[in-house]
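S.K.: One structure, pasted below without further comment.
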Amino acid sequence: MDVAALVSGGVDSSVVVHRLCEEGYKPAIFYIRIGMEDEDGYIDCPAEEDIELTTLIARRYGCPFEVVDLHKEYWERVVSYTVETVRRGLTPNPDMMCNKLIKFGCFEERWGYQFDRIATGHYATTDLLNGKTYLSTAKDPVKDQTDFLAQINFAQISKLMFPIGHLLKSEVRAIANAAGLPSAKRKDSQGICFLGKIDYNDFIERYLGKKEGRIIELETGKVIGRHQGYWFHTIGQRKGLGLSGGPWFVVKKDIKRNIILVSRGYDPDTQYGKTIEMETFDFITEDAYEAGYWNREDATPVTFKIRHTPEFTRGLLYKGEKGYRLESEERIQGIAPGQYCVIYDEDHHLCYGSGMITKGR
């Protein structure tokens with residue numbers, strides 16, 4: 001079986017190569033270059049260090065290694081999506097789009113199709129049910145990345161291998177140390193993948209600029225501060241508002257008037273909601289309604305996430321003529337339109353897919 005391994009130079013993907021070789025595979029190693037650089041060299045991404053470490057791994061295990069450049073595709077499909085989503089006052093998820101469109105999209109179209117399986121360092125697993133592959137959660141609940149993979153499709157999940165998904169992060173580190181891998185002591189990457197060392201707000205300012213507006217207390221209608229543009233703020237945001245007497249939370253945005261509405265939380269109804277609406281929902285393996293597993297006339301008990309945290313929330317999923325509605329068992333803070341709601345089974349093991357949030361209340 002021919003296997004391609006997507007390697008970043010970090011400890012997780014390095015251990016992937018180590019384990020594949022231990023199991024008798026000789027994977028072809030690929031490093032995807034996606035770091036952004038405009039005409040001014042604005043974006044600083046540590047690609048050279050990544051490539052150097054990946055080269056060492058490839059040499060050690062005698063694996064073929066290729067650097068593939070998807071810079072242009074990444075700009076056109078992921079970075080532009082991020083900027084446009086923010087411009088519309090919504091909350092983007094560029095990491096989710098990167099997996100769907102770049103790592104398992106463009107790469108598959110140009111290189112991956114030559115291989116039987118694609119291995120990555122994601123913390124996730126798969127299960128085979130009724131002859132079909134399902135995305136499943138990882139052993140490590142803190143590192144689990146299924147929410148970032150919840151927009152991929154059946155063709156993509158069917159080819160994927162997650163060699164470290166059944167390990168805790170501490171176990172991955174221990175394997176790397178025992179094997180003497182060059183990335184064993186390397187820190188985990190943080191933040192959005194294309195930004196490198198660049199601050200997110202600096203990036204947004206570069207492409208959307210600044211526009212001063214009012215910060216208004218929702219309950220009283222009083223102007224209590226100024227902001228530099230609604231696009232710098234997301235629903236549920238607590239830090240970076242520059243207000244005293246808090247904590248303050250962003251609860252609404254008036255896009256047309258460039259107004260940020262905030263609350264200190266003494267009225268929980270302004271901050272928390274139980275209803276999530278989605279116009280569409282993308283199943284990874286198969287549509288559970290069409291397959292007959294779920295009945296559109298009944299509520300389906302599920303667990304879900306609306307942000308990258310170890311915790312799952314219970315709820316009931318409904319399918320109607322105009323889309324999908326999720327009723328949460330408990331009130332949740334910061335339901336942000338544009339973000340994705342990721343749906344799991346009741347045991348938060350199988351990940352069914354995700355839908356973009358259009359409204360929360």
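Every residue, even glycine, has its Cβ placed from backbone N, Cα and C.
Feature annotation from Swiss-Prot assigns ATP binding site to Leu6, Val7, Ser8, Gly9, Gly10, Val11, Asp12, Ser13, Ile32, Gly121. Under the heading disulfide bond, Swiss-Prot lists Cys98-Cys193. Swiss-Prot lists Cys98 with the feature active site, nucleophile. Residues annotated as site 'Interaction with tRNA' in Swiss-Prot: His122, Gln339. The feature active site, cysteine persulfide intermediate is assigned by Swiss-Prot to Cys193, with sequence analysis given as support.
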S.K.: Compare the Cα of Asp12 (ATP binding site) against each of the recorded positions Cys98, His122, Gln339 and report the nearest.
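M.R.: Closest by Cα distance to Asp12 (ATP binding site) among the recorded positions Cys98, His122, Gln339: His122.
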S.K.: Whole-number answer please: how many Å between the C-alpha atoms of Ile32 (ATP binding site) and Cys98 (disulfide bond)?
M.R.: 11
S.K.: Taking only the recorded positions Cys98, His122, Gln339, which one has a CA atom nearest to the CA atom of Gly10 (ATP binding site)?
M.R.: His122
S.K.: Let's check the environment of His122 (site 'Interaction with tRNA'): how many other CB atoms sit within 10 Å of its CB?
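M.R.: So the Cβ neighbour count for His122 (site 'Interaction with tRNA') comes to 26.
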S.K.: Going by Cα-Cα distance, pick out whichever of the recorded positions Cys98, His122, Gln339 is nearest to Leu6 (ATP binding site).
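M.R.: When the Cα distances are compared, His122 comes out closest.
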S.K.: Of all the recorded positions given, Ser8, Gln339, which has the fewest Cβ neighbours within 10 Å once its own Cβ is left out?
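M.R.: Comparing Cβ neighbour counts within 10 Å for the recorded positions Ser8, Gln339 gives Ser8.
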S.K.: Pick the one among the recorded positions Gly10, Asp12, Cys98 whose Cβ has the fewest other Cβ atoms within 10 Å in this structure.
M.R.: Gly10
